[in-house]
Every structure is written in C-alpha cells, then in structure tokens.
Amino acid sequence: MPLPWRLIRCMLLLFILSLQGCIGVPIVVCTWPFKDAIRTAWNALQLGFSAVDAVVEGCSACEALQCDGSVGYGGSPDEDGETTLDAMIMDGTTMDVGAVGAIRNVKDAIRAARLVLQYTDHTLLVGDQATVFALSLGLGGPSNLTTDQSLAKWLKWKESDCQPNFWRNVMPSSNTSCGPYSSIESFSASNDDFDRRKDLCSKRVGFGNHDTISMAAIDKEGRIAAGTSTNGASYKIPGRVGDGPIVGAGAYADQEVGACGATGDGDVMMRFLPCYQVVENMRLGMSPVEAAENAISRIKRKYPAFIGAIVALNMKGEHGGACHGWTFQYSVQTTGMEDVNIFTVYPAISS
Ligand code: SD4
C-alpha cells in the first residue's frame, strides 16, 4: 500500500478511536465511590458481556464486599435485628425488569433479581417467597445475613430505647419507646402517660450514612441497563421495601434515552419515581445534569428536609448528578480512563 494511503488509513483509525473516546461508550457509572464494583462491571464490558451482565456483576461485587455496610449482608438491621435485601435489574433494550424486595436469607440479591427477569413474567417478588424462588433456581442459601457488626449495631439501638425509628402517630405500650405500638388515637387524652410517652417515639432516622449502589452501563454494542442493590434503611420496620427494587425509583433505563440511578431516603424518593423523571427529562432534551437537578428539585419542593442523590447517563455516554441534603459522589469508567473516576456533586445553593 502506498505511503499516503497508509497515512490516511492510520488517521482514519485514530479519528474513529478518538470519537469512541469522546462519545464515551462503553461506560459504567454508579452511585458513590464504589470503585471495585465499577472495575468489576468494566471488566465484564471489556470482555464483551452485555450491559445487564455488567450491572449484575458490578452490584454483586458490592454485595460480596458489603460496600459501606449498606449493600449486601450484615448491614442495616431492621427492628428485629434482621438484614433483608432489595435489588433490581432493568434491561433498557426490552424494558424487562427483575426485582426482589425484603428478600431474606439470600446474600445474592441482584442475582435473585436477575432470576426474576430471566425466568418469569413478573417484575418484583418479595420476602420469604422471593427467598424460596431464588433457592429453587439454585442460588446459595439459606444464609444468615446477620453479622457480629449488624448484631452489635442493633443491640446498641435497643439499648437506646429503639431510637431513632420510623414510627409516627403511635404510642409505645411500655415505658421504653420500643414497640409494640398503638395508634395515638387509641389513647385517651386524659391518660397520664400521654405526654411522656409521646416524646419517646419516632425520633427521625437520619440517612447520612445511606449508600445504596445504583449502577448503569452501556455495553460495546450500545445496549443499556441499570440496577440497584441495598440492605435498605437501618431500623426499618420489618417488611419495609425501599426504592431500590421499584422501577423508576431506584433505577431506570430506556435504550431510546439513557439511564438513571438513585440513592437516599427511599421512602420519600419512591413517591416521585425520580429515575423515571430523569429519563423522561432527557427525552425532552435536557442534559443529564439538568435532568437530575430537575428530578431532585421536584422532591425538595415537597420534602425540603429529604436527603438523596441521582446519577444520570445518556446514550452518548454523557453523565451528571444532582443531590440534596448531602454531598454526593458518583463513579465512572469509560474508554480513555485508566481507572475509575470519581465525580463530586454539591447540593444546589438554595438547598
Ligand atoms: C433505601 N434508598 O432503601 C435506599 C437506601 C439508600 O443510599 O439509598 N441508601 O431507602
């Protein structure tokens, strides 16, 4: 081949490669600096696995590592001291979803969610029946999800009269503020205990240490997926399911537009389907940052004290985040990055 042609070919190749770099796919993003989770997902993408596989592998790594104690076994004990898990996986090419809520005695929550996606027409299975389902298809278990750390955390909470907790408008029936509780209406106003006991309930749980993994990925073939895994909220009332396994709340992905992952006070956030909102905002032309800021502002208008954050990703590989009530960090790895990059997002000044 004559030299000029070789040169032109080389330049063309370089141009294509640089274009891939700036378009930024394949790509994987997730809430918080969960570097090992991103690396695991990125390796899966590099090996040619699908976006769904990469998200499952990434979240699964976080579960095994018990990322920040709020993903996987041994974290966020509920009122009975038990750890239960929420997880979801969404395939943005088909809009198929598999999710598990408050699954018990199974460590591999995201893999259980994937089984729902792969082998059923359902979207969400919960509690003991989700466990039976997952075990029937070969997932490991039953496993004890309690660890020495989660037990110690729960005992300390019991010793602190079960404070804080998620109850409101109730009265404890004993002299501690632990349950069982009765509705406040069932107490007569003349009850001597009323005022004293009223103060014993429901000091609000802070979400300062909340760190769900919500992850989104675009694979080499341009397919998008999103997923979540979390042990939810410490001292939750048994049976509570958070936003993690709720489609459009904890995560969302649509091949036509992009994807989103959320973290924070799931009880509030799921009322707004913030990730669905983000994707629809991007469909209307907003950038990922604008879309995320808009979704957060809708929640903050109604719940000024809520704590939460969002990471958004469009099909071009552009990403952005927004948060309220805390400083947020999210992780990214894409073509041209040697390792995971961490991005920091601050709450809007008006927060
Ligand atoms: C939940 N949203 O169950 C989850 C917890 C979380 O960052 O996001 N932590 O409410």
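Positions of Cβ are set from backbone N, Cα and C atoms, glycine also.
Taken straight from TrEMBL:
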ACT_SITE  THR212  active site, nucleophile
BINDING   ARG240, VAL241, GLY242, ASP243, THR263, GLY264, ASP265, GLY266  substrate binding site
SIGNAL    1-24  signal peptide
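Under a cutoff of 8 A between CB atoms, and with a sequence separation of 6+ in the same chain, the neighbours of ARG240 (substrate binding site) are ASP78, ALA102, PHE166, GLY232, ALA233, ASP267.
Checking the recorded positions THR212, ARG240, VAL241, GLY242, THR263 against ligand 1, the ones with a C-beta less than 6 Å from an atom of that molecule are THR212, GLY242, THR263. Among ARG240, VAL241, GLY242, ASP243, THR263, GLY264, ASP265, GLY266, the residues given in the record as binding substrate, the maximal Cα to Cα distance rounds to 16 Å. For the pair ASP243 (substrate binding site) and the residue listed as 'active site, nucleophile', the C-alpha distance works out to 10 angstrom. Taking the Cα atom of each, THR263 (substrate binding site) and the residue listed as 'active site, nucleophile' are about 6 angstrom apart. Taking only the Cα positions, the spacing between GLY242 (substrate binding site) and THR212 (active site, nucleophile) is 10 angstrom. Separation of the C-alpha atoms of GLY266 (substrate binding site) and THR212 (active site, nucleophile): 10 Å, rounded to the nearest whole number.
Separating the Cα atoms of GLY264 (substrate binding site) and THR212 (active site, nucleophile) is a whole-number distance of 7 Å. Within the same chain, residues at least 6 positions away in sequence whose Cβ sits under 8 Å from that of VAL241 (substrate binding site) are ASP86, GLY101, ALA102, VAL126, GLY232. The two recorded residues, THR212 (active site, nucleophile) and ASP265 (substrate binding site), show a Cα separation of 10 Å. Other C-beta atoms found within 10 angstroms of the C-beta of the residue listed as 'active site, nucleophile' number 33, with every protein chain shown included. Taken residue by residue with DSSP, THR263 (substrate binding site) is part of a strand. Between the listed binding-site residues, namely ASP243, ASP265, the fewest other CB atoms within 10 angstroms of a CB are found at ASP265.
Every protein chain shown contributes to the tally, and the Cβ of GLY264 (substrate binding site) ends up with 27 other Cβ atoms within 10 Å.
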